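Among the features that TrEMBL reports, region 'Disordered' is placed at 1-49. The transmembrane segment annotation in TrEMBL covers 130-151, 171-195, 207-231, 237-254, 275-292, 304-324, 345-375, 395-414, 426-446, 452-471, 483-502. Sequence annotations record features per position, and here TrEMBL assigns active site to His442.
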Amino acid sequence: MVNEGAGGPRSRRGSHKVVPSSDQDGTGAERATGEVPCPSNGETESLNKKSHLKADLMRQFDTQVNEFMDSLIEESASLGSSHVSTVFPLSEKEKSKLRVTQPPQGQSKQFVIRRSLLDDLFEVNHIRTIYHMFIALLILFIFSTLVVDFIDEGRLVLEFDLLVYAFGQFPLVVVTWMCMFLSTLVVPYVLLSVWANVYPTSNHQGLWTVLAGSLLLLYQGLCLGFLPTYVVLKNGLPPASCFILILEQVRLIMKAHSFIRENVPRVRSLERSKTNLVVVPPLILLIPLMLLCPCRNPCIRWGYVAIQFSQVLGCLFYAYYIFVRLCIPQFRSISMQLFDLRAMVLCVFNSILPGVLVLFLAFFAFLHCWLNAFAEMLRFGDRMFYKDWWNSTSFANYYRTWNVVVHDWLYYYVYRDFLWMTQKRFRAAAMLVVFTVSAVVHEYVLAICFGFFYPVLFCLFMCFGMVFNFVLNDRRKGPIWNVIMWTALFLGQGVLICLYSQEWYAQRFCPIQEPSFIDLLKPRSWTCSP
């Protein structure tokens, strides 16, 4: 679209030049005499027109790219229940109509057919070149690793020991996940169905509600809370296998809660209106939004699905080479030294590059490729899993746009429910509750998967994250604030990679045979001296 607009009729008119016959004859005579001709007035005017045309085209290109990006963001935020794709340009009249139909704040989330932002951006050659740069960097990582291994070992080493270790005991992970998934598919539905059939006609509605809620909490505590955590700790699963189980544990708990939270008010409203309840089949819990949302694509593009999964696999190998080339050699040597302030500062700044690369890979692999692949297979049309978080000039906007899926869940089921319970009197407290829940869950995932308690991420969330949320708020505009946001994000990634990697190796180099409770809470890297 942009290129077509940039190369419109004006560019086509400038590409066709009429050369007089006298000029052609003169050119031949000059070539015969070997003299360099001086440009005539017509040629000078033609050159000036070309330069002006080039500048005009560049201005048009820049303007249309900006309008294209603005329309994408505006339509993603303002479209209501209209099933309009952002691929097609809208007139100002159509945009004004869509703004009028924007749902009020109190309603549930509205879904529309729209592509993920990166899919649209990759159609611009300038943006796709950045993607090609990352592929070139991966090729260099692979080539350097092969060369170093060949020099050290005298042969090509293609064993991928780190990946084999990280995904160890994978069959146990699959069996545990199947138990979690099937129980989530059945138990919440059965409890809701029984309660919905008894509640309207019972004389003890409060008692039935407390009983059903207690059984649901018991199920979530045992099957979704205790079981995966016990399997991880009892069998000593490696990090990647741990992340699969624990992240699925969190996802299924969120899914079960949203299922109950959305249907209980529906049952109560039907009971008040004396309407017969139509029990939703249990398949709703499989992928409720993607199966039941009306904004669905007409067909499945299996080639697109294959590309997304191949990119996930590529990101996995990318992360492998980042850790092998940039992280493991550095932290293996640092962890065998006593604490030194200079070494710590150098460690943080040397960790910024791998930390940022891991951040980009996690975003691209999961929030773009993984979610788009499953959305395509399920024909789910609304692909706004993230927004343009890289353009954020405030951390408040970054938190809203980095992961739209989790942000929406926190907004509807934590923030808005807290305001409802407090009758909208404590908005700052509601925001604090959201930050606390997010920080606790993130730190829980890292603590279980890494096998030690080191609340670096929790402190960054609750201290710096809260401060930046209020200091770097939405009133901060301009490029300088985007630079500040990126600087803080880069530094935070360096701190995370440095401190967690040091603690990981300290736990291996300085084990404690019978650790006390205080030893489990105290970071080993502070006192480790091998």
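Each residue, glycine too, has its Cβ placed from N, Cα and C.
The transmembrane segment (426-446) and the transmembrane segment (304-324) are not in contact, since fewer than 3 Cβ pairs between them lie under 8 Å (pairs 6 or more apart in sequence). Segment contact holds for the transmembrane segment (304-324) and the transmembrane segment (130-151), given three or more CB pairs below 8 angstroms at sequence separation of 6 or more. At the 8 Å Cβ cutoff, the transmembrane segment (452-471) and the transmembrane segment (483-502) share at least 3 close pairs (sequence separation 6 or more) and count as touching. Long-range neighbours of the transmembrane segment (483-502) within the same chain, counting only residues 6 or more positions beyond its ends whose Cβ lies under 8 Å from a Cβ of the stretch, are 327, 331, 334-335, 344, 347-352, 354-356, 358-359, 392-395, 398, 446, 450, 454, 456-457, 460, 464, 468, 472, 525. Residues 163, 165-170, 172-173, 176-177, 180-181, 184, 220, 224-225, 228-229, 231, 409, 441, 444-445, 448-450 of the same chain lie 6 or more positions beyond the ends of the transmembrane segment (237-254) yet place their CB under 8 Å from a CB of it.
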